[in-house]
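Read the structure below first, then the notes.
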Amino acid sequence: MHWKAGLLSLALPAYAAVHESIAAIPAGWSQLEVSDESTIHLQVAVTLQNLDQLESKLLSVSSPDSADYGKYLEKEDVDSLFGPADDDVNKVKSWIASANADNVEYNAGVVSFTTTIANANKLLNTKFGLYSNGQTSKVRTTAYSVPDELADSIDFVSPTVMFGSTKAFRAIPEPVAAPEPELVERQFKHTCQKKIQFQNETWDVIGPQCLMEEYGTTGYEADANSGSTIAFGSFLNQSASMSDAAKYLKIWGLPEHNFKINALINGGVNNQSAPQADLGEANLDSQNILGLVGPLPVGEYITGGSPPFVPDLLTPNATENQNEPYLQYYTYLLSQKNADLPYVITNSYGDEENTVPPKYAARVCNLIGMMSMRGRTILESSGDLGTGAVCRTNQGPKKAQFTPIFPATCPYLTAVGGLQFFLPVEHAWNGSSGGFSNYFGRPSWQNGAVEAYLNTYISKTAYAYYKENDYANFSGRGFPDVSAHSLYPEYMTVIQGQPQPNGGTSAASPVFAAIVALLNDALLRAGKPALGFLNPWLYSKGAAALTDITRGGSLGCDGTNLQSGLKVPGSPGIIPYASWNATIGWDPVTGLGAPDFVKMKALALGGSGGWGWNSTSS
């Protein structure tokens, strides 16, 4: 629905208490001048209804023991149950009209509009400024208010108090030594390792056949017409190259196949011909998926940043927009009918949780829950910062604390951590982010696994040390849920025609997602529903089909950014001995473990572990 607001003169409203605020400008940011006549694009998230029913409804269609398992909701069902009240939407529209707004649009609970900085300041009783961290500039504020009569109708206004810098989780730090030097590298049955030259160094890299063998998909032939589909999200104005994907498959001797562009969201640009500054993330996702799923349809969603302002003399183009993409991304996905959505969606981007406003994080997480309720499997990389990099809170005294990663901390998706080494047993990768959310409580399906870790497998000394100093919130949602190979040896990714080393949890998430797509292929061909939200199954029955990782661990909070290998600027929090160890069962670096396709397929189909399918529908 699209309209242009008229120029209305309204009485000055009475403003409630501050709706959202941050205590101070985050470390590393400085304020610059911005003209009152510059343009700002804002989104108002109208309050959703019946959110107290979201988790129970999600569990009813996602828990293997539920009578409603696999009976996923349609778009209309979700809209009717959770959509904003019409009265709230109309009140917000009328209020926005007072801002002399242009380009006003309402979609799936969000009203977006464009106005001047001066009008936005009046509308929100605030003072917007231009802030820079030396790499990007954003128009933000430290607090804003809404009228009394709208306080319960508005969830939040964005972008306002979010200073986070969304990042792709791909990293090439220096290799670390195996903790047991007597272990030798695994000898694969297939030719799946190569040596390449990159930046005057020789790199050992792996291809899809290594992953097929490691995770048990060798010899499985998917059916392009089964209905199983998979897609990946591309943010930060990145888009995957189809020509690079074709060359990647040719190098590894795999059949020709490619992805398609499912949608350009919020000004996203499909750069197939123009050179891009950074293709590494989007190409890593597309090539890892294409190398594993065979002929299954693969799609890409390209989401642009929302331009926070347009300066009078310098209009930023798409490559300069660095805004958070999650609200626009999931709002768009939820606007599509089930028939137009892929069954599996993987994303490899994130922010430090404490840089994301709590209301924004909660809204995005609830949208993810609604996607899961519709039978879609959402996977996110857990991050490449280990226990953390900045390792300080953003409020109060800014004390030292482990830094969880959002959206991986959202309980309604499956977070994928990182592994290293192809040895007789894989190890936890030292850069794999994990831990416990400070925003989201521990969901019921995690209780048994996380309590076992806290009561038995974490060292008593470490538990007491972290708890007494508030370094970790042990009552929060634990992440990751699962893990897959990230680095050492590196993945090979073709970028602008040249093979390069690549990796990180950005590689692990699409790999695990590809295996879920193959599981869905088997299920749909057997007349069964797709897996949908994985976690209730994984934490009950599915864990038995995963390979538990009990060696290695993650590091962090020592003043170094494990993703880049560089020193953290400013005054990062230093936490001596900060680490999470891989243990028996669930742990906050590898989750429940790595995929074993043969076991997972047999368990999902209800068979005995062979390749035969149970044709009974459910």
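Including glycine, each Cβ sits where the backbone N, Cα and C put it.
Caution: TrEMBL annotation is automatic and unverified by curators.
Feature annotation from TrEMBL assigns signal peptide to 1-16.
Look at TrEMBL and you will find 205-607 tagged as domain 'Peptidase S53'.
Summarising the annotation, TrEMBL assigns active site, charge relay system to E281 (among others). The 10 Å shell around the Cβ of E281 (active site, charge relay system) contains 26 further Cβ atoms across the protein chains shown.
Under the heading active site, charge relay system, TrEMBL lists D285 (among others). Cβ contacts within 10 Å of D285 (active site, charge relay system), excluding its own Cβ and spanning all protein chains shown: 32.
As annotated by TrEMBL, active site, charge relay system applies to S506 (among others).
Annotation comment: TrEMBL describes D548, I549, G585, D587 as Ca(2+) binding site. Here the Cβ of D548 (Ca(2+) binding site) has 18 other Cβ atoms within 10 Å, regardless of which shown protein chain they belong to.
The Cβ of S506 (active site, charge relay system) has 32 other Cβ atoms within 10 Å, all protein chains considered. Within 10 Å of the C-beta of I549 (Ca(2+) binding site) there are 25 other C-beta atoms, taking all protein chains into account. Take the CB of G585 (Ca(2+) binding site) and look out to 10 A: across all protein chains shown you find 17 other CB atoms. Residues near D587 (Ca(2+) binding site) in space but far in sequence (CB under 8 A, at least 6 apart, same chain), listed by position: A428, G434, Y453, Y457, I458, I549, W580, N581. Other residues of the same chain near the Ca(2+) site, with their Cβ within 8 Å of the Cβ centroid of D548, I549, G585, D587, are T550, A582, T583, I584, W586, T590, G591, L592, G593.
When the CA atoms are compared, the recorded positions lying within 10 A of D285 (active site, charge relay system) are S506, out of the candidates S506, D548, G585.
Nearest neighbour of S506 (active site, charge relay system) by Cα distance, taken over the recorded positions E281, D548, G585: E281.
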